[in-house]
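Some notes on the structure that comes next.
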Amino acid sequence: MLLDLFYILVFPGFLFLSAFALWAEYFDRLVYARLQNRVGPPWFQPTADFIKLVAKADLVPTAANPTFFRLAPIIALTAVCTAFIYIPLWSTSSLFSFNGDIIVILYLLTIPTLCFFIGGWYSTSLYCRIGAVRTVTQLFAYEIPLFMGLLAPALLANSWSITEIMQFYIDHPWFWAFNLIGLIVSLIALHGKLEKAPFDIPEAETEIVAGGFTEYSGRLLAFLRMTLDIEMIVGASLLAAIFLPFGLQSGPVVGFLVYLVKVLLIVFLFSIARTIFARMRIDQMIAFCWQYVVPLAMVQLLINLILKGIIIR
Amino acid sequence: MSGPEDFKIPLGPQHPALKEPESFSIALKGEKILGVDIRLGYNHRGIEKACESKSYLQAVYLIERICGICSHTHSTCFVQGVEELAGLQVPKRATYIRMIIGELERVHSHLLWLGVAGHEIGFDTLLMYSWRDREVVMDILAMVTGNRVNYGINAIGGVRRDISQEQIKDILAALKTLRERTLYYIEIASKETTIIERLSGVGILLPADAIKLNAVGPTARASGVDIDIRRDDPYAAYSEVEFKVITDNHNDVYGRTVVRMKELLESYNIIEQALAKLPEGPIAVRAPRKVPAGEVLSRYEAPRGEDLHYIKANGTEFPERVKVRAPTLANVQAVKKMLEDRYLADLPIVVAAIDPCFSCTDRLIEVKDLDQGETKILDWQKLQQLSIKYNQQRGLDFTAAGKRLQRLMEK
Amino acid sequence: MTSEEAIVTELTNKFHVLDGKTQVRRPRRIFSEVAYADFRPILDFAKDKLGFNYLNMITGLDEGDNLALYYHLSKNNAITLNIKTFVTKNNPVVKTVTDVFPSADVAERELVDLLGFKVEGLAAGSRYPLTDDWPVGEFPLRKDWKMKGEV
């Protein structure tokens, strides 16, 4: 019982997750800055930002619905942290796993998006409302390809449990190479979920200030930012677990290091995408996802079906 | 507000997309723009009125502060007008120096614009790169004139500083770097997909509309309207250098980007030619204090388009009337046209694409006392006292702290 | 005959009121003066027949009893035709030119705000450039307008 609590709250649970998320934000900002010919922030900058925000007063707009306005960030943060404990990190087993956990994780990862919508909508400010509507519109663009991309390996392994998918990879090494298209699809979709450039349409600064987050301040804003940071780590860990099954049998220390490298590699890819693309328009983003990303995901599913029918049987 | 899909959202007077206070009220249906109301005037500082109580010499400095980016534009336009009124023959070398500074200013303005445009479409990397390169030209301007902005090089009858041989060498070296970088940006602009996707077909202004709405500068030239004061109504030494007037027929924001980038290359050419044939001689003639009665219309091709000054003299040392028309004012009507049936996401870049400069547009500081509806001008000390009093009323009193500090200093 | 002189001849042939009141002051600058009653046909003629398709600026002037207006037009971006006209200060009513030059909108609002012109036919819209709470009847660019209060 106590050990479980330690796992959930300290390592590899909440405390580690928060520290890693903040450090990953620093890493992302540093890469972004270096690519832009800037110096970049010191290593403690995201932590300092977090502490500063937490110390500030929370302002709730008079026209806003205070319950939903306050609840949205907290629920969002809880959901992403919960999702993390179902993801195996350096071995094939996670803290808690059961058949169907991959579905639960996907749903838990959808909750923050809905919270951003609810928080933005109940702020009642016009910028927030437009941002909120954009958040949900964007959800329809990336969520389907994300599901299709992530479920393709599950189809191959014939299981809805991440542990079993990883076990499948151990039994069939090199099969990860057949899922590369799925990895690319999921990376693009996850990038959309994290609302980073070129998919930062819901918080496009030059149009709608900060979108759904415009009215947030203080602790609640800190929670929202933390949610996005943690979501990035959780999403990257999920992709690493499902698509990059390396170092699973090399013991906790090496396995853990390999895990860190995998996550940072994904974060690095996100930073590069953020540097080299201009923001899309919402219609362009939806067209892009449905015209290119979804067909790609379908190709992946087709490949896996053929593999399953012919080779594995 | 009649429903969630029929919004009217305010953009400004304070908004991250605008670098200056200006108010756009946008009626939206979903993401589509139904109509735009533009409210200008937040930067009105009464400069035209203030000029009437300043001598011509003082007015030059005031006029130069109409705008931070195109300060040389306004001061040159004004001194040219006054020189014409006074019948002064400006030395050749001075006109060349004015032209060189004018083109350097255009380079800095266009590079600045490129960065802002990148930021407006969520492409901050372009902003960081182009603003880094803008430092090169800012350093050159600081070296030649002594200032990064508001160069203060113009005087009635000539210029105040000469360009030395060493400076010419430095300028040429800087131009080499800038030309390289500009070619790189042109390459990016013509190859990078997300940029082309975001800029093409956005903010369409057909040539017929451009003429009908009297658009000027790069905005008009990107719609195929071949106008440029430098060629059509030459001033300074522009009739003695060769350059192309860049036009483009994309008619959209992409076209405006291409025009500005290619104009950069032309500016480098002009500066190089001017430096190569910089005539020897004095850089200024003595200007009279009093200017004979008369009136004049002075025109100048600013980085943003045509800048116009009308000056009326009455034979004293004070101008009778100074009227300024900045290029942005001419392009505001075109913006409304460009935004018809566009998406909200396009608004920032469409507005940015005319390279708006609202402080130029509004010109005209009066501090208004709201209680009495009376206009008064506060001098610096009064303003300071007012500020102290205001903060004391809100519980911020620095008197005790100030005394403590004073005691410490005395020890 | 230069093209400027040709324009002047064409103008004076058509409008005899312009005789002796139109001159070329320097290359590409034509200045002209006319009473307000005769002004509008000249503007239309200049735009439709002479090709002055740009209205670059409108300048308002306070000339004592009269308020004067300068319409600065240009042709091919080179030759400018500056037509001066005036109305009395007691009744400074002019008709809008936004029907032929839509870009004149802001310039005319400025005349209303700063010099107290009354422009007939100007579409409803926000004022420019003064603040919304600017006192009625105060026109800063008139010569008799002085800063009030402490100076």
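Our numbering is plain: 1 for the first residue shown, then up by one each step along the chain.
Heads up, the Cβ atoms here are built off N, Cα and C, so glycines get one too.
Feature list (source: TrEMBL):
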BINDING   B:GLU48, B:VAL324  Mg(2+) binding site
BINDING   B:CYS67, B:CYS70, B:CYS357  Ni(2+) binding site
BINDING   B:CYS70, B:CYS360  Fe cation binding site
DOMAIN    B:121-289  domain 'NADH-quinone oxidoreductase subunit D'
DOMAIN    B:290-363  domain 'NADH-quinone oxidoreductase subunit D'
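Of B:CYS67, B:CYS70, B:VAL324, listed as binding-site residues, none is near chain C by the criterion of a Cβ under 8 Å from one of its Cβ atoms. Within the model, the domain 'NADH-quinone oxidoreductase subunit D' (B:121-289) shows a mean pLDDT value of 88, rounded to a whole number. The most densely surrounded of the binding-site residues B:CYS67, B:CYS70, B:VAL324, judged by C-beta neighbours within 10 angstroms, is B:CYS70. In three-state terms derived from DSSP, B:CYS67 (Ni(2+) binding site) belongs to neither a helical nor a strand segment and is classed as coil. Distance between Cα atoms for B:CYS67 (Ni(2+) binding site) and B:VAL324 (Mg(2+) binding site): 12 Å, as a whole number.
Rounded to a whole number, the distance between the Cα atoms of B:CYS70 (Ni(2+) binding site) and B:VAL324 (Mg(2+) binding site) is 13 Å. DSSP gives B:VAL324 (Mg(2+) binding site) a strand state. If you take the Cα of B:GLU48 (Mg(2+) binding site) and the Cα of B:CYS70 (Ni(2+) binding site), they are about 17 angstrom apart, rounded to a whole number.
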